[in-house]
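What TrEMBL lists as transmembrane segment is B:6-23, B:35-58, B:78-97, B:118-139, B:145-167, B:188-207, B:238-264, B:314-337, B:357-374, B:395-415, B:435-461.
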Amino acid sequence: MSTVERDPFILDRPTGRRLRARDAIAVVFIAALLLLLLQGESIRSTGEKMDPGWQRTLVLAVGVPAGWLADRLPIADAVDDVTAFLSPDDELTGAGGFNAAPAAGPAAAAGGGTGGGASAPITTDAFDPTELGVKTAKLPALKTLLVTGDSLAQPIDVQLARRLARDGVQTVRDAHLGTGISKTDIVDWGVLSTQQAKERKPEAVVMFMGANEGFPFPGAGGKSIQCCDPEWAVVYATRARRMMDTYRRDGAARVYWLTLPLPRAKSGQAIARAVNAAIAVAAQPFRSHVRVLDMTSVFTPGGRFRAAQDIGGRATIVRRPDGIHLNDAGSNVAMGIVLERLRADFAKLGS
Amino acid sequence: MVFPTVQFAVFFPIVLALSWALMRRQGVWKPFMLAASYVFYAAANPLFCVMIAAVTLGNQACALLIHRSEDARVRKQIVVLAVTLNLATLGVFKYYGFFATEINGLLDRAGLGLPLPLAAIALPVGISFIIFQAISYTVDVYRRLITPAATIDVALYLSFFPHLVAGPIVRAREFIPQLQSPRDPRKVAVGAGVALILIGLVKKVAIADFLAREIVDPVFGVPQAYAAPDVLLASYAYAVQIFCDFSGYTDIAIGLALLLGFVFPQNFDRPYRAASFGEFWRRWHITLSRFLRDFLYIPLGGNRGGKWKTIRNLMITMVLGGLWHGAAWGFVLWGAIHGTALVVEHQFRGRVRLPRWLGWLLVFHIVVLAWIPFRAPDLGLAGAYLARFADWGPATLWTAPVVIVTFLVIALQVAPAKPMDALRVRFERLHPVALGASMATVILLVAATVSSQGVPPFIYFSF
C-alpha cells in the first residue's frame, strides 16, 4: 500500500506530550479502579437490569465483585450523597410498592392488594354502563391527560399531546423506557403509579406497557414464578389491578389500558398473550372506569404478526423494524381509538 | 454499543490493554482488533456484521479488479459498479421505505394500482458512514491515489470501532497507512486522548442530553403547547444540543483512537463562530464536507463551468448532503437552505462586504433556523413550530441552567480559543496518575447526571 497524496491539514497532530502505551493503559485502569471502588454497586445493578446475553455477562463479571467490594466500603454512599443533586430523576419513594416481601401464593407475591384471598364482593364498578346500553353522564371536562408506560407509550404520547394541545388539554408524557410490571429493579410501577396519580391528578390515564415483561416474580419460599403460566398471570394481573385502581381514583378518572399487539418473535408472543390475558382479568372489577383497548386484534388480527396493514385504502407499515413497537403510522391508528373513547367518556376535551 | 455506557467502560480497557500487548505482532493484532470491532458492532445487532463484511468484500474485490486493469474503460465501469452497489446498499436500508411510501402515494393519486412492496427494514447503525468510507477507498484506488490494501486492512479500516457508527469519515489514505507498521508504544498522545474523551462525555451527557430533556424534546415534540419565548430558546438549545451531541461523539472517537495509537481527522472547529456559510462548512462536520466536495461537488464540475453550473452543483451537493442524513423532507429542506445560502454568498462574494459581527449574526441565525426542519418530525410540525413564533405568550421553560448552558456553549465558540486551548494543553501535561484520577472524577460527575432511562443514543447514530 502506498500513499500517493496526503491531505496534511486533515490529520492534525494531537497536542500535548507523548507518553508510553503503558501510561495510556495505566490511566484507563486507574480510572476504572476508582470507578469500581466508588460505583461498584451501580455497575452491578446496571448488569442485573440488562437483558440476558454476553453484554450482561461481561458487565456482571466485573460488577458483582466490584459491588461486593463497594458494599464493604463506606465511601460509595458518601459519593452518592455528594453527587445526588446532579440527578435529573424525581425521587421515587412512598407508598404502593410491589416489592413487599412475598408471603404465600402468587397474589401475595404481587405485593398484596386486590385479587387474592377471600372472594371479593362484586360491585357496580365491575360493569361498563355503555356495554349494558345504559346512558350515564359523561365526565365534565378532560383537562389533564397522563400518557404513561414503557417505550410502547412512544410515540402515541407525543401524538396525543399534539392532537389535544389545540383543545387546551395538558398532556403529561411520562414514559419509562426499559421498565415493566414484572421488572421492578428500574422503576416500581406500584410506587410510580401512586406518585403519578397523587401529583398530577389526571382525569384520564393512557397506559401502554409490556415490551419488557416476562421476568419472573418472587414467589413463596424463595421460589420464583416463571412466565408465562397462569400463576405468573395472576401476579401480573394483581399488580396491574392495583395500578388501575390507583389511576381511576375512586371513579374520578378514566383509565385507557392498551393491550399488546403481538410481537414478531414467538417467545415474545407468549409473553404478550399472558400480559393481555392478565390485563383483561385485572380490569374486571373496574370496568366502569377502566377501558381495555384492544390493540391485539387491530394490529395482529388472527394472532398473526404483520408489519403492514391497510390504512385508508393503502398498505402502510405500522410496526417498527424491531417487530415490537408501533411506528408513527401505527401509533396514529392507536391514537384514533383512544380519542374515540375519550370523546365517549368526557363531555369536553379541554377546559 | 454506545460509548457512555457501563458495557463500553468494561469493553474498552480490556481491548486497550490487549491491543498494546499484541501491537508488535501485527499478524495477531489485526485479527484481534477486527474481532473486537465486530463484537462492538454486533452489540447493536449481530446481523449488521454480515452487512459490513459484505460491503468490505465487495469493495475490496472491485478495488483489486480496478488496480489490475489497465483499460481505462473497464476501470471506469468497475468503479461505477462499486459506487452503485454501495449506494444501492445504502438505498435499500435507508431510503427504501421513504421512496416506496412516496412513490406509492403518487401512484395512488394517479389512480395506478401498482404499489411497491413495503417492508419494515432495520437500519444498520452508522451505515452512511460505513458506505461513504467504502466509496472513498474504492474511488481513491480508481483515482490511483492509493493502491489496494490487504483485505484485513480494508476490513479494519471500515470496522475500526472508534469511528464505526458515527464517524468521523476517515479516508482510506489517512487510516490504512497507519496500519502498515505497528503503532509506536513510546509516542502515545495520552493526555490529548483523555482530554478529548472527557470533553466529549461532558458535551454529550451533561450538555446535549440535559438540553434535550429539559427543553428541546418537549418543545419540538408538541410545539403547539408552547409560545414564542420557549420556541425561541428551544431553537438555540437544539443548535447547541446537536453540536454537543455530534462533536461530543467525535471527540470521544478521536480520543479513543489516540489511546490506541491512531490519529483521526478533526470533525469540528467551533462552527458557530463562522461569519459565512463557506466558513461554517469548513468548521461543521468537516469530514462530510470534504467528502461531498471531493466525491460529489468537484466531479459534478465544481465552480469551473460558469455561474449557473456552480449554482446547480452547489444545490445538488447540499440537497444530497441533507438527504444523506436520512429519508425525510426536513433533511432535504435543511440541505436546500444551506445550498441557497452558499449560492447567495457565492454570488455576492467581493461585491458586498459585511462587518464580521453582522456576518456572524446572520449566518448563526440562518443556521439555527435551518435546524428547525432538520429536527422537526415532519414538515407539518416544522411549520407548526415556526407558527409559534407569532404567539408571544409566557416563557415556561426558561430555567437558569438551560439558559446558562445554552448561551455559555455559544459564547465559548465565539470567544477567543486561546484560553481554553491553554487550559487543555495544561491538562494534557498532567502525570498519568492525575489523568486517571481526573478521568474517574469527570465520569463520576457525568454519570450522576444520567437519568434512570439511561443515556439516549447519539443523534448521528440514526444517520
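Each residue, glycine too, has its Cβ placed from N, Cα and C.
Only pairs six or more apart in sequence are counted, and the transmembrane segment (B:395-415) with the transmembrane segment (B:238-264) gives three or more Cβ pairs under 8 Å, enough to call it a contact. Under the criterion of 3 or more C-beta pairs below 8 Å, with sequence separation of 6 or more, the transmembrane segment (B:118-139) and the transmembrane segment (B:238-264) do not qualify as touching, having fewer than 3 such pairs.
Counted as Cβ pairs under 8 Å, contacts with the transmembrane segment (B:357-374) are highest for B:238-264 among B:6-23, B:35-58, B:78-97, B:188-207, B:238-264. If you look at the transmembrane segment (B:188-207) against the transmembrane segment (B:435-461), you find at least three C-beta pairs under 8 angstroms, all six or more positions apart, and that counts as contact.
Stretch with the largest number of CB pairs closer than 8 A to the transmembrane segment (B:78-97), among B:145-167, B:238-264, B:314-337, B:435-461: B:314-337. The stretch with the most CB contacts under 8 Å to the transmembrane segment (B:35-58), chosen from B:145-167, B:238-264, B:435-461, is B:145-167. Outside the transmembrane segment (B:145-167) by six or more residues, the chain places 15, 30-31, 33-34, 36-38, 40-41, 44, 52-53, 55-57, 59-60, 63-64, 67, 125-126, 129-130, 133-134, 137, 173, 175-176, 179, 246, 249-250, 252-254, 256-257, 260, 262, 264, 267, 285, 287-288, 458, 460-461, 463 with a CB less than 8 A from a CB of the stretch. Through the fold, the transmembrane segment (B:314-337) approaches residues 94-95, 97-99, 128, 288, 292-293, 296-297, 300, 343, 346, 366, 369-371, 373-379, 382, 462-463 of its own chain, all at least 6 residues removed from its boundaries and within a Cβ separation under 8 Å.
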